[in-house]
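Asker: Could you have a look at this structure, given as structure tokens, before my questions?
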Amino acid sequence: MRPLRDDAKRRADRQLSASMKPTSSNRPFSDRVPDRFKDGDDAQFDFTAPPRGMGSRDGNVHYMQQSLFSMIAAVGSKSDFHARFDESSDSDGEMEEQPRVEQTTGKASSRTPPVPSLDPRQPSKRSEPSKLVLEERGRRHQRACSDNKLLQRLPKSDAEGGVNESSNQSDSLLKVPPLRRTRSATPRAAPVLSRMVEAQSHFDLTSATPYLPPNNPDKSMEDQPQSSASALSMRLMKMFEFAKPEKVLVEYACSLLQSMLLQGYMYVTEGHICFYAYLPKKSNVAIKSGYLSKRGRKNPKYHRYWFALKGDVLSYYADPSNLYFPSGHVDLRYGISASLTERKDGDAKDFQVTTDQRTYLFRADSATSAKEWVKALQQVIFRTHNEGDSVKVSFPIANVIDLEESPMADFAETFKIRVIDSGETYAIDEYFFSFFDSGQDAFNYIKGLVNAVSTTTATKEAQDQHDIKHQPESSRTAYKRQSVSSVRVSDQRREDSPRKRSSSVGNENQGSADSFAEQGTGSSPIIQSMTDTTESASQILHRSDVFQAPTMRTLQGRSLDVGESIRRYSDDTTPSASARLDLDAAVGSPCGTLGHNETTEDARYATGQSDLMQSSRPSSVTQLNELVKAGVYPLQRAAGFAEYLKSRSKQMSTLLATESMGYIEKVSGMWIGGQKHYGEREGPLLEDQNVDPEDNEGSFNYGDRFRAHFALPPTEKLQATYYAYLHRVLPLYGKIYISQKKLCFRSLIPGTRTKMILPFKDIENVEKEKGFRFGYHGLVVIIRGHEELFFEFNASDSRDDCAVTLHQNLESVKFLVESGLLAEDERDEVEAAKAEHRMLEEARLDSPEGHDAPPTLTEDSSEIHPFFDDPRASIINFKPPEPLRITCLTIGSRGDVQPYIALCKGLLAEGHKPKIATHAEFEPWIRKHGIDFAPVDGDPAELMRICVENGMFTYSFLREASLKFRGWIDDLLSSAWIGCQGSDLLIESPSAMAGIHIAEALRIPYFRGFTMPWTRTRAYPHAFAVPENRMGGAYNYITYVMFDNIFWKAIAGQVNRWRNNELGLKATTLDKMQQNKVPFLYNYSPSVVAPPLDYPDWIRITGYWFLNEGTDWTPPTELSNFIAQARSDGKKLVYIGFGSIVVSDPSALTRTVIESVLKADVRCILSKGWSDRLGDPASTKTEIPLPPEILQIQSAPHDWLFSQIDAAAHHGGAGTTGASLRAGVPTIVKPFFGDQFFFGSRVEDLGVGICMKKLNVSVFSRALWEATHSERMIVKARNLGIQIRNEDGVATAIQALYRDLEYAKTLARQKSLASSTPFSPTPTAKASPDGGDDDLDDIEEWTFVGDETGFDIAKRMRERAASDADRIGSNMFQ
């Protein structure tokens, strides 16, 4: 069998990509690079290397990741600080059940293909596939049908004589459902034999009787005049499938009440009472999340998990910061009810969720929380039962028994309508309607209408019975056939009005006698009314048969899947009733499956036709024999292998006696590894290796099993699978699943149950690397806001194939517009429901009756309102009532000061009094913007020189800093203390080192703000410790721990001496400072550095704090002419500027830049600042003449300059990177020290630029060409620029200040109470000269101690307090 065209093309692309030679970078080229950009002789040379002798012997700078943290890199992947290995918290009960399909591996469990439409009016194709595809589908279908031997060809009726039989040959075949259902999105299936007998009986009945077309509302509309009916009447006739338009007497805006509050409209017509509610839904929004305790299946102990209710799935996690690895889930698509569990004390904290397989027990922290969870779960279960985006209820007025007022709340009037279901069973349904206005008028009007109709209906029934009694037998028989196959019965009293549930098929299929799936629903109201004698709180969740789908359809080719139809039948009937079906009686009596609401005369008719049916169908015994043959077929394939194993292993022969060969095949295939790709129908493609063609014919359950494993919707189609190791604490062997929108993993080792569900929209990039073990090949998945994931494959072909497949899916997902609605395949249904709702609104407003009821839900609404839920708290304005004196403390270069100027300008606009404390050289710049200034000592150029010449925190850096910076740090601390006096709030860059202690002494709230990651996380490494290769979350986290300890050890002595002498505070330690508790404001974009999932609530990534100075800047004439000339020549324009750096050969670097620009054929704006020593005046002068393609400038505002160019190449500083990304241009980064390596890696991970490890003509020229010609990179950079420009970082930061201000005040009070002395600027009443026991309680109150026991805490804190008191006492008497 040949694969589909798109699959063949995908396979060809994959093979080509896999065969490409690996480049020096993991970044794939989107465009074919010209041959002139191949690596030359200088490819391994770096012209930005510092002078020989500076930092190391070989002249290369030893950055931080190459010195101190090299030992961390060796063991980083073996460390674990957050229990990354998901083990079961309760060994005897928490194991989630395996999908039922795995219990019957060897049986005929292949997924049934969709049932073709049998209505000749409906086309059977979706979009116009090619002839090859149609023929292939037909061959596949016929081959599967011939193997099954359980199918009947429907004979053509007279009504279908005009249809070409040959063209619909495959469409006339129907498959019997599988023996065991798979846990897919389809509803629960009825017992297999019951369904099979019912289907056979229905087929025989329809084949022995002439075809009677159902009443088509659309056709009836064309045959009758429409002038007498209003637009609203016509619309209601279509939506509720009335036989003719009915005049709308009155309408009301009301709500249908059960466990939900469904806002909609009630329409009272001449013959019916109708209710319509439009319910748009969104599946990508978390409805509710929080901590709950879950009880194991066998273990009565409760275990605490983090729960998230999203879409149709309730998932729970051991760690809320690791949401891609759920510990388990509850699939609410199979949910029956959610209810509180009553307790004797009356405080119901426990609740349970019942599904078709088991009952889950939960315990909340409070009774209120339990009620909120139950309401949220009931909402989701309700939506899963109502498959459409609208709810429709309709019943004849003649069936209404009575109305009764039922007051439930003071703000609404509620009454109950009791309706009889049918004349045979007299089952009664109750509907509660709540009116916020005109409730009494509605009650009186409907009650009077019911009383007026009751007499007329009784007279009409007597006349109808008299007419039927005198009808000829043939006429009566035709009437009975009509009652079985039609949607409605002509008798109004017995009318099974349009009270079916919503479905995904059109109206024609619902009314068709050939669609047997809908026939089973006819008896559901009666059966459920007989079994459920009392109305439960969640009956609306179970009684889903009253709902209907939108009747206005845009999908012409959607056909009903057999599994969906059978599941629909099962949900709409009582499970106990279907379980009681006797096989012998069912086989012997075809009428046993017609429904309980059929009269005895119906049974006699069906029995009388049995002789005619007997000649046209095989016996039931023959069919059952064929069924047994189909089930045994997999065992026949395994006969030879089973005999071989049987002679050698008695245990294996016992296994084979009970299990099919599929188990052995799966286990052997699992350890062999490899990959499989799946086509449109989720069968493996024959071009894949180790794929049996016979497996392809019966493999349509691959996708069902995949969706059942991970509780995914039916629209998530399986595309490829791979066997690989997931590296967490230990390599975990399992299976990778790739679908349209998700990357999933499931462990296959017994005793483990790790599962991963990773949406493609959260994946930033995929890179190929070496494996951790010899002979294995690694694949790194870079995730937005999460640590990297490492996979290992035993074959490079599988790794390359997986990488190419992931890149293809990432590209398709990134360019899709996220609508926030359901899956793409369901958008047509959503649009149909929207259109139906919109047309009904227009008809209602344009109706001449003058309906003026207010609108209810809009199309943008996404929630079902819980009934009488507690109102949400209003949004509180956290802005302080009085203006604050805010000081911003920072040191460093111009890029460190500029963000604070932008923030202070925003604070000025808010009415506050900001001040910036920094180096004196920036005072004129700061005061120009109307911001107060305070000087801080220290020469930033000297610090920059040490960093550039020695690398960040290398051994030589620490040695020189300890010799030259002792006095520098003392002056910095003292001047910062003076500059922060009189402040109400302090915001500090942590590099200033003094702010946290000053805020503690002044007892004022303290915030931190910085341009690079400084808070511990597993998602990113410390900005000063970026490794050359990705090391994983353990390494990332430990870099912060090591940096904090090294940084504190270097300054602890001076800081504690300064605290004692000038601040009057006790000496402190790293633990006591609790830096990880300080609220933090990061001034970079969340689109560039996504907030890690393990960040606490007080860590905010606000967006860039841009200072827009380019609007007032006038460019020189030479620069304007150069830009205009480049545009007129059609040349790409780039900016190159690496700042003030020290290189060994400045002229060689200049020559490299010139040759790279000429080779890339671009025009360049150059900002030169490199030299062989820092501060050299000749750094801005060029050593060699510049060609006319390059223009050198001294300075220009980045916001103006970057908007004029096509690409930017710079050193990767935080401010410069933010400016180039904001302009939406591709960015080339050549990092030198500090945080530049971190932002360079982020640029490359986002696909918006290139990070170069070395700079030479070969690498730089190719990077310039790709940045200016790669459409993939250009589009990504443009989209990222749009996102950044839409952010308002300053406003977000100010709102975060207001929100966390009270939290910061609390921290300040706790710390000041613990560390104050009589010499503090703000002494406390508890402080005593000898540091008595009064302080110990406060110390224990705020000190972070981790997981230590209470005894260890008290002992350790008392020892620390005594030591601190002795130290202070000795200092006082010295």
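Glycine is treated like the rest: Cβ placed from N, Cα and C.
Feature annotation from Swiss-Prot assigns UDP-alpha-D-glucose binding site to Ser893, Arg894, Asp896, Ala1196, His1198, His1211, Gly1215, Thr1216, Asp1235, Gln1236. Here Swiss-Prot flags 1-14, 29-41, 125-138, 461-473, 490-499 as compositional bias 'Basic and acidic residues'. Look at Swiss-Prot and you will find 16-28, 101-112, 503-538, 1314-1325 tagged as compositional bias 'Polar residues'. Feature annotation from Swiss-Prot assigns domain 'GRAM 1' to 234-283. The domain 'PH' annotation in Swiss-Prot covers 285-382. The domain 'GRAM 2' feature in Swiss-Prot is assigned to 704-770; the stated evidence is sequence analysis. What Swiss-Prot records for 1-60, 83-190, 206-227, 458-538, 1314-1338 is region 'Disordered'.
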Asker: A 10 Å Cβ contact count, applied to the binding-site residues Ser893, Asp896, His1198, Gly1215, Asp1235: which residue has the minimum?
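Answerer: Comparing Cβ neighbour counts within 10 Å for the binding-site residues Ser893, Asp896, His1198, Gly1215, Asp1235 gives Ser893.
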Asker: Give the helix, strand or coil assignment DSSP yields for Asp896 (UDP-alpha-D-glucose binding site).
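Answerer: Reduced to three states, the DSSP call for Asp896 (UDP-alpha-D-glucose binding site) is helix.
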Asker: Could you state, as a whole number of Å, the largest distance between Cα atoms of any two of Ser893, Arg894, Asp896, Ala1196, His1198, His1211, Gly1215, Thr1216, Asp1235, Gln1236, the listed UDP-alpha-D-glucose binders?
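Answerer: Farthest-apart Cα atoms in Ser893, Arg894, Asp896, Ala1196, His1198, His1211, Gly1215, Thr1216, Asp1235, Gln1236 are separated by 23 Å.
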Asker: DSSP helix, strand and coil counts for the domain 'GRAM 2' (704-770)?
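Answerer: Computed counts for the domain 'GRAM 2' (704-770) are 10 helix, 38 strand, 19 coil.
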Asker: Per DSSP, to which secondary structure element type does Gly1215 (UDP-alpha-D-glucose binding site) belong, with helix, strand and coil as the options?
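Answerer: Looking at the DSSP assignment, Gly1215 (UDP-alpha-D-glucose binding site) belongs to a helix.
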